Amino acid sequence: MSLDMFHSAVTRIQVQRPGFNYTFAHICILNNDKTCIVDDIVHVLEELKAARSSNRTNFAITYPITHLKDGREVYNGHQLGGVTVHSKDRVKSAEAIQLTYYLQAINSLNDMVAEKWESIFCDTVELFQKSNRKVKMYPFTSSSLKEDFQKTSRVSERYLITSLVLVVTLAILCCSMQDCVRSKPWLGLLGLLTVTLATLTAAGIINLTGGKYNSTFLGIPFVMLGHGLYGTFEMLSSWRKTREDQHVKERTAAVFADSMLSFSLTTAMYLVTFGIGASPFTNIEAARIFCCNSCIAIFFNYLYVLSFYGSSLVFTGYIENNYQHSIFCRKVPKPEVLQEKPAWYRFLLTARFSEDTDDSEETNTYESHLLVWFLKRYYCDWITNTYVKPFVVLFYLVYISFALMGYLQVSEGSDLSNIVATATRTIEYTTAQQKYFSNYSPVIGFYIYESIEYWNTSVQEDVLEYTKGFVRISWFESYLNYLRKLNISTGLPKKNFTDMLRNSFLKTPQFAHFSEDIIFSKKYNNEVDVVASRMFLVAKTMETKREELYDLLETLRKLSLTSKVKFIVFNPSFVYMDRYASSVGAPLQNSCISALFLLFFSAFLVADSLINVWLTLTVASVEFGVIGFMTLWKVELDCISVLCLIYGINYTIDNCAPLLSTFVLGKEFTRTKWVKNALEVHGVAILQSYLCYIVGLIPLAAVPSNLTRTLFRCLFLIALVTFFHCFAILPVILTFLPPSKKKRKEKKNPENREEIECVEMVDMDSTRVVDQITTV
């Protein structure tokens, strides 16, 4: 396949519209001579072909600047890739060629035609690829990134369905037990339904208000899964602590009093954190919409837990009090009746009746639940064992060491492949771009779009004043420094003017090439005025060195915002560099603001300031570990990972705050006793939520998308590290660090003395009678 054959096929592409067929010539950007603008490499190869056909050997391609026979200098540094050169920069071979076709988008019809032309262009490239297997072709259009970004949602559908099925199954199992009366499988399903309804409500509101969907929304169900399921499991755990002889209303009131305070506080923290992210302070639309959707979903989840799930808990409570089967709602027969039934029937209707148990067994009716039994009988004693603690502390030191090693290698992500699905045009194109065309940065366009007096020294001085203080030598400063030395008149010919500019720019060490366009207009007195000027610059920084490109971008942006001369700078790469530069700074700034606000806010709500201290240290330890390990797992800091880190703060508070509150506020007993008590009270809910969360995340790892890969790795690390702190680090550290749990002797108040009447205790085996009078 020759390049001219491909170029000819592209220019013959037709877009059929009613009454007219559009070709490339109808929608291309026109030059001054009313011809389509094409890449200079096309002209270079045409001259090379003409020279070979006429047996001329005096024409050679040089790199990165080639001279055409008409005297023009053309830059090919971004059009030839994998170049091997002879002496004097003569090109010996090139492994890749990049062609760019420029289309107009001046109105809606033109934009529609251009979009269709791009689609046909990709099909044309694929046809040429099939007929020329030896040549690899990678098409990329203005809509490729958007299409590949949204493709993540389509390729994730079946994996999300698998995730939903697994979470439903495990949620039902986590709420089930052998006792068919006290088992609550429907509450596991209804808890997940509560989270689902809140997510769908938020999606509907965003859709009705004209919000735009993007693939970052894939993370919202997992945000809701971590927060919503824990709240429902915590309520169920509180229900198990209530007395069975109480009325359902009293048990429900005890549940809400025990669990809803902490759930309300963590919900408020979520709303504040994501609320700041949804505010105008966030300059990334995808992140702002994600945070807005998360806020709405969390708010409605709170309402649904209070109403829908609370009502479901009351309904299952009446079923339990009436000794009805937890699944079939059928009255469970007495044990003596069950003896006459088959074995499978007795297995399905196994239950313990209160009249069959004495007072000592009545408080342990829920211990047949597997997780409750495991934590109370085995794990709490094991983790607080004196011989286990040193190994946990050693393991924590290893954890900190590896986290620090990863933290020192953190890098900001600016690779387009991190946000799209794999096996897409964007991935293939950016891979080839970085492999073959990274010797020079992209071409930077500099546009002055107002008529200014270039020759006026005062104008030059005003602009130069804004460039002071930068480490890098500004190309604009170089431009004006040279103009200051000139006495340019309004009648200066264009050639002399542009020659002077070229000589000035090529003396600036940051730039390898300079080209220009000057637009003149005649005034009524036949004088010539410079209406606008356009220059194209190529920096010597390499695309692979993101720091250099980012510094250049920041320098150009500051100049364009502060200079009195109206100019803009643009290159498509700046769009992505700007996106990633903002994706790290803005969310981190907002998260810091929200963290400070939460600390200030919670200081007035918690009963002991020590809870805030421990919670802050725990969050810092978790976030430090997640950042370190995600770097070791080759995850960079980009928009997705930073949003996950912000969510990680709330997730850690969600799981650790109840444990710390129970421990800090506990009195009278030893530290070890209160650590065990905190794990027994809240550990089951944390473990149930964690298991469902991890099972839901696992299918996400198989989605063929880099976006979901980043999402999975970050969320998995957040859940794993938080679980490690809840069940290992905190239970061990809290046993030998403050607060003290010394028994406080309360002063006896003589005014508050109460006498208890004589209690007679009779030993039935003898005639001995024990009289005891106690005064409190």
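Indices start at 1 and increase along the chain as displayed.
Even glycines carry a Cβ here, placed using N, Cα and C.
TrEMBL labels come from automatic prediction, so no person has curated them.
Per TrEMBL, these features apply:
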DOMAIN    156-315  domain 'SSD'
TRANSMEM  159-179  transmembrane segment
TRANSMEM  185-206  transmembrane segment
TRANSMEM  213-233  transmembrane segment
TRANSMEM  253-274  transmembrane segment
TRANSMEM  387-408  transmembrane segment
TRANSMEM  587-607  transmembrane segment
TRANSMEM  613-633  transmembrane segment
TRANSMEM  681-703  transmembrane segment
TRANSMEM  715-737  transmembrane segment
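If you take every residue in the domain 'SSD' (156-315) and average the pLDDT, you get 88. Counting same-chain residues at least six beyond the ends of the transmembrane segment (387-408), those with a Cβ under 8 angstroms from any Cβ of the stretch are 624-625, 627-632, 724, 728-729, 732-733, 735-736.
Across 159-179, 213-233, 613-633, stretch 213-233 shows the highest tally of CB pairs under 8 A with the transmembrane segment (185-206). Across the candidate stretches 213-233, 613-633, 681-703, the maximum count of CB pairs under 8 A to the transmembrane segment (159-179) is reached by 681-703.
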